[in-house]
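Notes follow once the structure below has been shown.
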There are 2 protein chains.
Amino acid sequence: MMKRYKLTISYDGTGFAGYQIQPAGRTVQGEIERCLSVMHKGGTVPVSASGRTDAGVHARGQVLHFDSSLAIEPKRWIKALNALLPADIRVLMAEEAESGFHSRFSAEGKEYVYKVNTSLQGDVFQRNYTCHFPYVINADLVQDAIPHFLGTHDFTSFCSARSEVEDKIRTITSLDLDIDGDDWTFTIRGNGFLYNMVRIIIGTLLEVGQGKIAPADIPVLLKAKDRTKTGKTAPAHGLYLNRVFYGQIEDKYS
Amino acid sequence: MMKRYKLTISYDGTGFAGYQIQPAGRTVQGEIERCLSVMHKGGTVPVSASGRTDAGVHARGQVLHFDSSLAIEPKRWIKALNALLPADIRVLMAEEAESGFHSRFSAEGKEYVYKVNTSLQGDVFQRNYTCHFPYVINADLVQDAIPHFLGTHDFTSFCSARSEVEDKIRTITSLDLDIDGDDWTFTIRGNGFLYNMVRIIIGTLLEVGQGKIAPADIPVLLKAKDRTKTGKTAPAHGLYLNRVFYGQIEDKYS
């Protein structure tokens, strides 16, 4: 009997051409489907994710689903897949899901983390995991700009011009900045994110911190619906898909 | 006029065949000397380190010295070298040193850190930077064993049998264990360390934690002067050369 399984996975995006299978280059989806195929004696097992991540972007809690007729307990899936997967992808959780569960369409929100290191020389151990930004940034200016992003807005100015999505209205429920010495960590939650949206918001906040954009200009930039007026897209390797939220609103942001 | 410079460097050991130049493989010393040679218009500039580190071992505070007739201010050395060095080596500090300063012979002590992750699945982001040890470890047993290492002992049982050093007496001044969830961090300081000494001490402490070796056996193992009785050598990629101490005793462990 076919059952639907939900997987929560973590990956180091450094060695991948992105999440989604493509003609050339190593992908997370490609590795997962290869391992599932081994477990299914060569059969094809398509996997769906909560969303794609770009080359270099990391995940601490990407969610996938797939269907299988193998009679394997959820916990055994973790062990079996991790034994086959390369070291830069780990399955953290496996659960049996309802047949109507869909990793993408059932998702009600996501949390991303973006890491920045402001030290002069950078940290060799963080070079693939944190955006090195060795410039003077004014934290007060950044904190003043943050509330302007909260709530429901048309984020046309904050998504890639290549985005083909028609509806660019999204809701950001929280955006927090934690500063620990030279390490800045942004945590952003919302009901959905457009292509490059987190990276453009962060890139813009960094320019706010440098004094290039005023905090009070954020509402103006949102209204302009013009990608050319906002900040640079922050590099992929500082970004982490941290969590995907499913289920009731009240649980969602626990 | 020739001046002596002291460099403090950090490197990610993952991509190196070790610190020291060797016939084949990428080395930290090789990269540094290559960059110094570029700065000296092809001239050879030999570099001395406080000690070698093995393949995979990291450094947050390795110390080197070299002599140069280039009239460059210490701070400019940092910028110039970092512009030439690969991203997995960073110069953190450059200072003019007295002519009698020697990175190895002037060193009065060193601090190493060893990181262990005890979670079942491990952390993809730490796979090259932390020893993954997904076993039950009793922290109380490890804490009971630690004091037996402190002070002055013959560490023959805790150094590689391949070591060619005659005098195996060393003094460990501190050995601390910090536990934060699944992350265990050992910090060890001493006046000097034999080949693989930190990794064998850690490997033995992990076996103590698993109940394979009793804490009270540590003095017996020290007295035995027999490498075959102690624990496995813990993997290289959990080890960091953190600091090298020079100067007065009172400053040394500040």
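Backbone N, Cα and C define each Cβ position, glycine as well.
According to TrEMBL:
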- B:10-105: domain 'Pseudouridine synthase I TruA alpha/beta' (DOMAIN)
- B:Asp54: active site, nucleophile (ACT_SITE)
- B:Tyr112: substrate binding site (BINDING)
- B:145-246: domain 'Pseudouridine synthase I TruA alpha/beta' (DOMAIN)
When the number of other CB atoms within 10 A of each residue's CB is tallied over all shown chains, which of the recorded positions B:Asp54, B:Tyr112 has the maximum?
-> B:Tyr112
With DSSP as the reference, give the number of residues of the domain 'Pseudouridine synthase I TruA alpha/beta' (B:145-246) in helix, strand and coil.
-> 37 helix, 31 strand, 34 coil
Overall pLDDT for the domain 'Pseudouridine synthase I TruA alpha/beta' (B:10-105), taken as the rounded mean | 96
What's the CA-CA gap between B:Asp54 (active site, nucleophile) and B:Tyr112 (substrate binding site) in angstrom, rounded?
-> 13
